[in-house]
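What TrEMBL annotates here:
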- B:12-34: transmembrane segment (TRANSMEM)
- B:67-91: transmembrane segment (TRANSMEM)
- B:68-259: domain 'ABC transmembrane type-1' (DOMAIN)
- B:103-124: transmembrane segment (TRANSMEM)
- B:136-155: transmembrane segment (TRANSMEM)
- B:180-203: transmembrane segment (TRANSMEM)
- B:238-259: transmembrane segment (TRANSMEM)
Amino acid sequence: MADRRRLIALAYIAPAALVYIGFAIWPAIHTVYLSFLDWDGILPATWAGLDNYRAIFTDSMLGPSLWHAIVLILFFAVIPCALGLFMTALLQGTTRGMTTFRVIFFLPQVLPLVAVGITWRWLYNDEGLVNQGLRAVGLGGVTRAWLGDYNLALIALGFIGTWAMSGLCMVLFLAGAQKIDTSLYEAVAIDGGGPVRRFFVVTLPALRGEIAIASVITTIAALASFDLVFVTTNGGPANQTTVPGLLVYRLAFNESNIGGAAALAVVLTLVVIVFVTAIRRLTREKP
Amino acid sequence: MNTTRTAATARYLVLTGMAVAVLLPFVSIVLAALHPSGSQISGLSLPESWTWSNFADAWRAANFSNLVMSSLIIAAGVVPLALVLATLAAYSLATLNPLGGRAISIGFVLGLTLPIELVVIPLYFDLRQLGLTNSYLGVILAETALFMPFGVYWMQTHFASIPGELLEAARVDGARSFTILARVLMPISWPAVTTLGLLYFMWSWNQFLLVIVLMQDPDMRTAPSGLGFFVGQYSTNIPLLSAASLIVIGPIVVLYLIFQRNFVSGITQGAIKG
């Protein structure tokens, strides 16, 4: 009787599970299968074994794209989290007017990245706000079309991520810091600890969970980025800003190399899983 | 006393500085959008003549009537479908102790970290075979599937937070499981459902990669995906591009300002509970 009820309970899950399996899980498995094929999308496919995976490590395009995505983690995840923590240390306890600030800081989170990208194309333009600002402070010598600069385009792209992600980290950390028991701070004060000690002994450990979450979200955004790169640099100049997402799209839908695209997608997913697992390990509560 | 006052002032100065850094890009494109179409402009500058017609021109040039309509059709399909499916599944997982429930929950949660890149290639080829590319239904089903992990997880945490006595009381009264969901749980679940619905709308509106792959017909693309190609055509006409971007940003910003509490709590809490 109880088992029958537990079977019937599955009926509630069935519609969601069917859509999820049919349009997410099955395609994911199918991608793994395609990654072992040599297929142009039209003619019959042939078995390619590990060739597509080998190509990722030998091809002059594919390997660097993974490296670029990992560099972006610095700008999408590391800097925003560090900035968020610094601001939390600085602002902790400020409550008046925070709602307005929170609304502003969070704004980049809800915007379509395509529009964010177009906005920053303009800001980084020869005549854009960034160069205008540099000229205004007497740094006219370093102005350039940032997204077209061979050495700096990836960094310029990264700072768009910093702009978009810092607010999320800050809002998460400030909310977490509000839950910290103030008596802990008093205890540190009694021991003669200053604000720096207070931050490292109380705040940082207390925000472990929030730091884990913020790092996971922002790291995935860096590794799996597509929209932003597609509209800002489209991988240029000279492939200096290619990312895996961009090449998956290009290989599969412009160059008819379905197997290669699938293999890159699988490797990208594995990289995401490795990073997410590492972050979870590092931030786990020590027993 | 004076030092705390100074400290407070310094804090607000830092906060204001950050806020300006976030907002300045918007000021820049709003001003750019008001310059005459195709004109040479520099950084932050007030236009000599305020050109509101850029918005109408961008609307026509990018064919936003079709794009916005597609966006709304897709969102109108995704939001209710995904909400109903996620709510039903989460209700069962959280309160009915289904067979294999734990494994099923884990299966859904795993989807939270899957990048779209992993599914997009076969989705295109499989859906093409089913006649579901260049089709609203195809995009709706794919987005519903991709948003499912978060929705199930969000509603499951919500239902799990409801005191068990409430459900027990209804069960003792002999209510069937569906009646309990509809009559007892749903009336107190609207805030959670509203937040999830808003997030679904935002994700659906902002979705890019999936749409440009599944919709090869430019007229059926959504507003952001149309914008992505509009850039290529008008890459040097900054006033027009800025106006087009503002058109795409507009609806989601308005929604965000009205429901900011839901958006902030949805994204932050949704993240933290995981």
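Heads up, the Cβ atoms here are built off N, Cα and C, so glycines get one too.
Predicted automatically and left uncurated, TrEMBL annotations should be read as such.
Of the Cβ pairs linking the transmembrane segment (B:238-259) with the transmembrane segment (B:67-91) and spaced 6 or more residues apart, fewer than 3 are under 8 Å, so the two regions do not touch.
With Cβ pairs under 8 Å as the measure, the transmembrane segment (B:67-91) is packed most heavily against B:136-155, out of B:103-124, B:136-155, B:180-203.
Here the transmembrane segment (B:136-155) has Cβ contacts under 8 Å with residues 70, 73-74, 77-78, 81-83, 85-87, 89-91, 93-94, 105, 108-112, 116, 119, 123, 127, 130, 189, 192-193, 195-196, 199-200, 203-204, 207, 210-211, 214-215, 220, 266, 270, 273-274 of the same chain, all six or more residues outside its ends.
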